Amino acid sequence: MSALRQRPVPTRGRGGDPRAQPPPMQEFYNIIPVHDLQDDHPSLRYPEVRAVAAALLRPVLNLPKPPFVTLAPNMDLMNWLGISFGFQNDNVRNQRENLVLHLANCQMRLQPPPVNPDELDRGVLQSFRKKLLNNYTSWCSFLRVKSHVHLPTRRGNSYDPTRELLYVALYLLIWGEAANLRFCPELISYIYHHMAMELTKFLDQNIDEFTGRPFVPSISGDSAFLKCIVMPFYQTIKTEVESSRNGTAPHSAWRNYDDINEYFWSRRCFKTLKWPINYGCNFFDTVPKFERVGKTGFVEQRSFWNVFRSFDRQWILLILFLQASIIVAWSGKKYPWVALRETDIQVGLLTVFITWAGLRFWQSVLDAGTQYSLVSKQTVWLGIRMVLKSMVALTWIVVFAVFYARIWSQKNEDRRWSSAANQRIFTFLQAVFVFVIPELLSLLFFVIPWVRNWIEGLDWMIISWLTWWFHTRIFVGRGLREGLVDNIRYSLFWIVVLLWKFLFSYFLQIQPLVAPTKALLNLSNVQYNWHEFFGSSNRIAVVLLWMPVLLIYFIDLQIWYSVFSSFVGAANGLFSHLGEIRNMEQLRLRFQFFASAMQFNLMPEDQLLTPKATLVKKLREAIHRLQLRYGLGQPYKKIESSQVEATRFALIWNEIIFTLREEDLISDREVELMELPPNCWNIRVVRWPCFLLCNELLLAVSQANELADAPDLWLWVKICKSEYGRCSVIEAYDSIKHVLLTIIKYGTEEYSIVSKLFEEIDLCVQNGKLTATFKMTVLQKIHAKLVSLVDLLAEQKNDLSQAVNLLQALYELCVREFPKMKKSIYRLMEEGLAPKNMAADEGLLFENAINIPDAEDADFYKQLRRLHTILTSKDSMHNVPLNLEARRRIAFFSNSLFMNMPRAPNVEKMMAFSVLTPYYDEDVLYKKGMLQDENEDGISTLFYLQKIYEDEWRNFMERMRKEGMDDDDDIWREKLRDLRLWASYRGQTLSRTVRGMMYYYRALQMLSFLDAASEMDIRMGTQEIASHHSLNRNRGAIGGAKLPTAKKINRAVSGVSLLFKGHEYGYALMKFTYVVTCQLYGRQKARGESHAEEILFLMKNNEALRVAYVDEVELGRDEVEYFSVLVKYDQQLQREVEIYRIRLPGPLKLGEGKPENQNHAIIFTRGDALQTIDMNQDNYYEETLKMRNLLEEFKTNHGIRKPTILGVRENVFTGSVSSLAWFMSAQETSFVTLGQRVLANPLKVRMHYGHPDVFDRFWFLTRGGISKASRVINISEDIFAGFNCTLRGGNVTHHEYIQVGKGRDVGLNQIAMFEAKVASGNGEQVLSRDVYRLGHRLDFFRMLSFYYSSVGHYFNTMMVVLTVYTFLWGRLYLSLSGVESHAKNQSVSNEALGTILNQQFIIQLGLFTALPMVVENSLEHGFLPAVWDFVKMQLQLASFFFTFSMGTRTHFFGRTILHGGAKYRATGRGFVVEHKSFAENYRLYARSHFVKAIELGVILAVYASYSPLAKDSFVYIAMTISSWFLVVSWIMSPFVFNPSGFDWLKTVYDFDDFMNWIWCRAGALAEANKSWEIWWYEEQDHLRTTGLWGKLLEIILDLRFFFFQYGVVYQLGIADHSTSVGVYLLSWIYMIVAVGIYVVIAYAQDKYGAKKHIYYRVVQLVVVILVILVIVLLLEFTPFKFIDLVTSLMAFIPTGWGMISIAQVVRPFLQSTVVWETVVSLARLYDLLFGVIVIAPVALVSWLPGFQAMQTRILFNEAFSRGLQISRIISGKKSTE
C-alpha cells in the first residue's frame, strides 16, 4: 500500500503534509469486517456472510499465479484479480464488501432456505451474474460479437462457483475504478469484453500467440488499470470538455459523455481502438482536433425546429386537421358532416396528403440540416439515406400534386363528377395507400405490441436492413412498447382528449373565423392611414386576425390534457384510497381497525415454503384488506389487552408518538394523551389513547342515568355501541378499584370493606343485576367524589384529612345511597361492608388506613393522570395534537395503512438498500451568529422561527427544562447545540436530511426486534419502556432529581431500543447504508471550517452514516492526485477513520457538478436499491416503517415489466413560511402527487423528476448511473436518468402509500431563479438526443403524454405569452393602418371581435392549469376546504404570482433554445424575511419581465388612442383586460411579494440606491450589483455565445420596435393625412436630431463639465433655444400640433430601444468604433427610464395609506393564521413577553 493510503486523518482544524504521517495503520472496515471473519461483529454471525466469504477465499491456490508476485495465504479471488489486472487495493476491498454483502443478502432472501446455508447457493450467484452482465450481453448481441464470459458446463452435482465469481468480480472492479467513465456504460462493456477475454485465456492457460509462453494479462502492476485504461479515456473526455469553453461552445463542436459512449454502439470501435488499446488512434486526444472522431449518434443543434423534429407526428396531426377543418368550414355549412356530403369538399380534403408529403420533406431537410456532421467515411450510408429521404418526399409532393390536378381537370372538362373523374380520385387514393403503408404497419404493431417488442429485440442483420429506411440502428430505444392492457388505457385517455380538442377547435375557433375572413378579403377601397407597400389587399389583416387563433389552436391541447389528467388522477387517487382519513376525527372512527391494518401491512406474514403468491392467496388478501378498510365482519374481534398483537401495535404506535415528541411537534401532555399505555393495574381491555376516550365515560354515566330502571343488557348494549365507550367504562372501573386498593393499607379493616364492596358490584355485573340492585342515578354523585379524590391525589399534597373526608363521603354514597335496598348497620357488618367495632371507631373510618404512594412512584402518577383524563374530559379532543404537521403526518400514515401495498417481509428477507445525498457547501447546522443576527427590521432568524413554529418552540423549551435547564435565558449558554439543531431542523439543512434518513436505520432495528421477539419479550418490553418514559417525564414534572446529562434520554436509549438483544444492529447495518457525498469535506477539514466539524458531529451521532469526499493531495511541481475517500466515525476509537481511498484519474468535475458528485460516491453504496435524496429533503419515522413494503414492488410486474425506478410521493414542508411559499408548495404538491400518479398510470411515461425515487441499483450501475453529467445539455441531470431508464427498457412506477418530505424555495427571487434553472434545463432538453429518441421511439399516444408533461409544457407556456403578443400587435396593426375603422363602418368586425374574445377566454383558461391543484386538494382534504384554499389564494394574489412565473419560464426557455446560456443557479435555501432593494429586483427582472411588460403597455396605450373600437370603453376593457393583467402582474409582482415592498421610506432609499447603481462607473473590480455597466454587459452574454441563426432571429425580432414609428408618424398632425412614404423617411430626421442633441450635450459635458462649466451651460442654452425655435416655426408654418410632441415619444422611444437591441447583437463590429460609447450611454438612459416607469406605481402605492399593512397581510397571511404576529416582526417591535 502506498504511503498516501496509510495516512491517518489529520486532526480537525489543522492542515499539514499528509504524507509526513507514520505509515502503520489498522485496516478499518465499512459495514462488515470481511477481511477478518474471526471478528465479533454481529453480521458475521450469519452463515450467509461466511458462505460468500468462504467461496471467495477457497479456490485461490488453484488459480494461475500472476508473474513476479507471491500470493499471500489469506488472499481471495478479489485480491487475485486485483494483482493480475492492476486494480487498486482499496477498490478491491470496497468491491469485496459490496459483493459479499449483496450475495449474502440475496441468499438470506431465498425461499425455501438452501439445504446447506454454509455454502454459496448456485442460483443466487447465477441470477446476480445475469443481472449484472445483462447490459454487456445485450451489447454483444447488438454488435453481433461473441460474449467472452465462458462458464464451465455442469458435470453431475458438483458446482464450482469460481469462474462465475471471477467474471462478476471483474465487472465490479472495472466499474469501481472507472471514475467518470461510469457515465459511458458501453465503453465499460468494451473494456470488460476484452478483460474478460484475457481472464478466460489466463484461467485456461492458453499460449500467447505473440510470445509463445502461457498467456498473462496485458496490464498489471500498481494502479495499472487506472493508468493504462481509465486515464487515456478520461483525458480525452477532459480535452473535449475544455474545448467546450465551459459549455459556451455549440454542442455540435465537441463530444460529450453520450458521444464518447455511442462510439461503442458500432463495430468500428473494435477496428479503431483494438486491444491492447491503440492510444494513437483518432478516438483519443492524442491526434489533432480536425483528425479526431467527431460527434457520434446525434448532433445537438440550437433551434426551435427541434420541437417539430422530435415530435413531428403530433405536429403533422395538428396541421393536417387544421387544414381539413378550414376546407370544411370554408363551405359555410353549419355542421361538418353536412359539408362532407359534397364531393367537392371530399376531393378538397385530399390536399392534406400533399401537405403531409410536404411536412415529410421538411422533416428530412431538418434532419439533414442538423445531422450532416455525422456523415463521415464510416457513415456514408447515413448521408445517402438523408438525401434519399428528401428526394422521395419531393417525389410524393409532385405525384400527389399531379394526381390532384388531374382530378380537377377531368371534373372541369366533364363539368360534373363523372366516372372518369371518380376513377382519377380512386387512382389518387391508391397512391395514398402506398404512401401510408408505413403508418398502417405502425398501427398494426401498436395493436399487437409484443410482436414489435420481439422484432426490435432481435439483432438479426435482416431486421437492420428492413428498418434502415426508418431510423438509424441504435442500442437504446428498442422494445419500448407496453402491454396490451396499458396500451388500451392510455389510448382511450388520448382518444377522448383529442376528440374533445378537435370538436372545440372546429366549432369555437376555426368555424367562427371563416365569415369575418371572407368579409375582410372582400373589403374594397380601404383607406389606409399609411403608405401601403403591398397594394390594397387585406391579406396582412387576415393573417393577423388568424395568428392568435392558430397559436391557441396549437397549444390548447396542453389545457385539455391538464383538465382531463386532473380528473383521471383524482379517480386514480380515489381507487387508491387516498384521502379517506383526512383528519384526526376520521382517524378516531377507524382507530380500532388501525391495529389490525398495521399488523397486516407492517408485520411479516408467516412465510410458507411456496413463495409464489397463488390466486387464492391474492383473493384472500384482497378480501382481508376490504374488511380492514371498512370494518366489515370484524376481521379481528375486539382486541383485548392480553393479545400480543395489541401489544405489538402499542410498541410501534408509541415509538411513532415518542419520535414526534423528540421532534418537538407534540408536548409531554400530548404524549400522555396519545400514547397507548401497556396493560397494568389488571385492566381487562385495550387502553386506547386518551384522545379517543374523551367524553365517553361521562356519556356512559348519563346513559346510565337515563336508563336507570332498564335491564343491564339494554344499558350495556347502548354503551357498547362505541368500542371506546365500552373500553373507557371498564378501564375507569378497573383503575378506580386499583387506586383505592393501593392507597388503603393492606390488611386494615377498611381494605377488606372496599374489597368486599367491589366483589359485590362484580357479582351483580356477572349476574346481570346491576341496575336491579343499585340506583344508577347516584352514579353522577359518585363520579364527582371520585374526580375530587383523583384531583387530590394527582396534586401530591399529601393532605390526608381531605383524603379521609372524600373516602368517607364515597363510602357513605356507595353503602347508603347507591343500593336500592336499604340495609341496616348490622346487616352491613355481617356482609363485611361496615367496621365490626362501630363504637370505638365511629367517624374515624379510613383515618389511619391511608397510604398515598411516594412522589417518586412515577408510573402510579402517570396512570393517575390518565384516569383523571378519562373521568373528566368533556369535549372531544379535536385539537390533539395541536400541531398541524403532527396531525397531517398521523392522518397520512394511518390512511396509508388502509391502502394497497405489498406485504412486508422479515427484515432478514427484505432487499438491502442505500440512500445517497449529494452535498456541496450548504448549511449543515445554523450557526449561533446566523440565529442571533438581526436584519434591517430588527428581526433575527430565531425570532422568526419562534413565531412561525410557536407551538414547537414551546415544546422544545419544555424538553430543555426537563433535561435540566433552570432558566429560559440559559438556552444560549447551556443548550446551544440543541438550540442550533432545533432551528436547523426547521430549515433546509444537511442535519435535517440526515436525521430524516437515519430513521430508516432506527426503524429497521425496531422491525428486526419485533420479527424475532417472543410473546414474553413484547409483553415485558412494553412495561419496561413505559416505566422508563414515565420516569423521565416525571423528573421534569415532579421536580425530583434532575437528569445528570442529556445522554440519559438520548433517543438512542429510549423506546424500543431498550429491549434490543444485539442481532438488530447486524441486520440494520446489512440492510441499510447512508452515504452523504460531501465533495469538499477534505478541503473543509484542512482549512478548519465549521462545516467539517458539523459533518463530523453528524457522523458521531449516526452510526450508519458514511461520508464520501474528494481528497486532493499535492505532490509538488504543480502535480495533484485526486482520491475518492470514504470515512466513518469509529464509536470505539471515538474518532473519524478512513475506510477506503481510491485514486481518481484527475479532477472530479468534467460535467455538471451534482451528477459528478453522485457518481464518485456511488461505488460506496450497497444493496439492491438506491434512494436518491437531495439536500432539501426530510423523512418521517413512521414512513420509514413502510420501506420494506416499498422495496417488494421491485419483485412484481407493473405492466409487462418489473419496475426499475420506484417513484415516491413527496410532501412539501415549506408551505407555512409565507403566502409565496404556500403557492409554490401547492403547485409542487399537485405535480408530485396527482401529476406523477397520472404519468405512471395510465399514461406510462413517468420519468425520474428528482428527489426521493428508489432505483434498482444494479440495473442502473451497468447502464450509466442515476443521472447524466454532460456539460450544459444535462443541466437538469435528474430527469435524464428517467429518459435513460425508459429508452433502455426500464419501467418507472409511482407509489403513494409512502412519502418523503421536501423543501422548496420560499422567496420570489429564489423561486424565480429556480424557475429559470428548470426552464433553461427544459430548453436544453429540447436539443437533446434523449428527447428526440423518445419522441420517435415511443408509440404515438405515449409520445403525446411525454411531450405535454415535459418540454411541451414549457413550449406551450411560451406560446401563450406569444399569443398575447401576436394578438396585441395584430390589433395595433389593424387600428393604425385604418383597416379596423373601415371594417367597423362596414359592420364586419363584430363577428371577428367575438372570435378574438373567444381566444381571450382561452387564454383565461390558463386558470385551468390551477385545476390539478384544486382537484388534488379536494381529494386529500375535501371539496369545501379545497375551494376555500383556492379562494384564499386568489385573495392573496396567487394569480399575480403564477402569471409572473409564466413570464420567467417563457423568457429563460426561449432564450436557452435560441442562444444557450443555461447554467446552474444556486437558489439558496434560507428564510426570506428581509426586504430586497429595487436595484436588485430590477437587475433580476428587467429583461425577463419589466421591458416586456412596458412594451405591451405601450401597445395597449397606443391602441387605446387610435382604435375606433377603443372608444367604446366596455369593448376595450373586454378585449384587453387579460393583457393589462399580464402587464400589471409582471411589473408589480416583485414588489407585492417583497417584504416591506410598499414602505414609503424604503421606496425612497431604494430609488436613491438605484440611481447610484445606474450612474456608477465600471471599475476594474466592479461587480454587476455595484455598477450598471457591468450588469448590462453580463445581460448580453448569451449573444456572445449564440450562433449566426440566433443572431439573425434576434435582429428580426428587434425590428418590431420600428413599427411604432411607422404607424404613429402618419397619425401626427404634421403628417396632414399624407400617406406618402416620404413622411416615414422624414421622421427619421427627428431620430437623427435627438441623437445629435444627446451627443452634443454629452460631448460638452465631457469637455467642459468639470473645468469650464460656463461653456457647458452655454451649449445647453443654445441647444434649448434652438429646439424651442424649431418647435415655434413648426407650429407657425406647418400643420404641427403641440400634442404631437407627446405622441411622437410613443413613436421614437421604441425605435431607439430597437436600435440599441440590434447594436447589442452586432456588438463585435461596433465595439471598436466611436458609435459604441453612444450606444452604452443611450442604453443607460433607457434603463433609467424603465426604472422610473416601474418604480412610479410602486411609489404611488407606498405613498397611499394602508397599502403597506395590506401587503404584509397578503404576504404573510398563512403565517398569521398560525399565530405569527408579522406586524410586529416587520416593524421590529418585538414582544416583551
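Backbone N, Cα and C define each Cβ position, glycine as well.
Since we're looking at a predicted model, the values are computed, not measured.
Among the features that TrEMBL reports, domain '1,3-beta-glucan synthase component FKS1-like' is placed at 162-278. Confidence over the domain '1,3-beta-glucan synthase component FKS1-like' (162-278), given as mean pLDDT on the 0 to 100 scale, stands at 91.
If you look up TrEMBL, you'll see 1-25 marked as region 'Disordered'.
TrEMBL lists 315-332 (among others) with the feature transmembrane segment.
According to TrEMBL, the transmembrane segment annotation covers 344-362 (among others).
According to TrEMBL, the feature transmembrane segment maps to 382-404 (among others).
Per TrEMBL, transmembrane segment is recorded for 492-513 (among others).
Positions annotated as transmembrane segment by TrEMBL: 559-578 (among others).
As annotated by TrEMBL, transmembrane segment applies to 1354-1374 (among others).
Sequence-distant contacts of the transmembrane segment (1490-1509) (same chain, at least 6 residues past either end, Cβ-Cβ under 8 Å): 1364-1365, 1368-1369, 1371-1372, 1374-1376, 1380-1381, 1384, 1389, 1393, 1447, 1451, 1482, 1515-1516, 1519-1520, 1523-1524, 1526-1528, 1530-1531, 1604, 1607-1608, 1611, 1687, 1690, 1694, 1730, 1733-1734. Residues or ranges marked as transmembrane segment by TrEMBL: 1490-1509 (among others).
Outside the transmembrane segment (1515-1537), and at least 6 residues removed from its termini, the chain residues within Cβ reach (under 8 Å) are 1219-1220, 1308-1309, 1361, 1364, 1367-1368, 1371, 1393, 1396-1397, 1400, 1403-1404, 1437, 1439-1441, 1443-1444, 1447, 1476, 1481, 1484-1485, 1489-1490, 1492-1494, 1496-1497, 1500, 1503-1504, 1507, 1509, 1734, 1737-1738, 1751, 1754-1755. The transmembrane segment annotation in TrEMBL covers 1515-1537 (among others).
Summarising the annotation, TrEMBL assigns transmembrane segment to 1621-1642 (among others). Here the transmembrane segment (1621-1642) has Cβ contacts under 8 Å with residues 530-531, 1605-1606, 1609-1610, 1615, 1659-1660, 1663, 1667, 1688, 1691-1692, 1695-1696, 1718, 1721-1722, 1725 of the same chain, all six or more residues outside its ends.
Residues or ranges marked as transmembrane segment in TrEMBL: 1654-1675 (among others). Under 8 Å from some Cβ of the transmembrane segment (1654-1675) lie the Cβ atoms of residues 1614, 1637, 1640-1641, 1644-1645, 1647-1648, 1681-1682, 1685, all in the same chain and six or more residues away from its ends.
For 1682-1705 (among others), the entry in TrEMBL reads transmembrane segment.
Within the chain, the transmembrane segment (1725-1744) has long-range Cβ neighbours (under 8 A, six or more residues past its boundaries) at 1478, 1482, 1486, 1490-1491, 1494, 1531-1532, 1535, 1541-1544, 1546-1547, 1550-1551, 1554-1555, 1558, 1572, 1576, 1638, 1693, 1696-1697, 1700. Annotated transmembrane segment per TrEMBL: 1725-1744 (among others), in sequence order.
A Cβ distance under 8 Å defines the sequence-distant neighbours of the transmembrane segment (315-332), meaning residues of its chain 6+ beyond its ends; these are 308, 339-340, 342, 345, 348-349, 351-352, 355-356, 359, 502, 505-506, 510-511, 514-515, 550, 553-554, 557. For the domain '1,3-beta-glucan synthase component FKS1-like' (162-278), residue counts in helix, strand and coil come to 77 helix, 2 strand, 38 coil, using DSSP.
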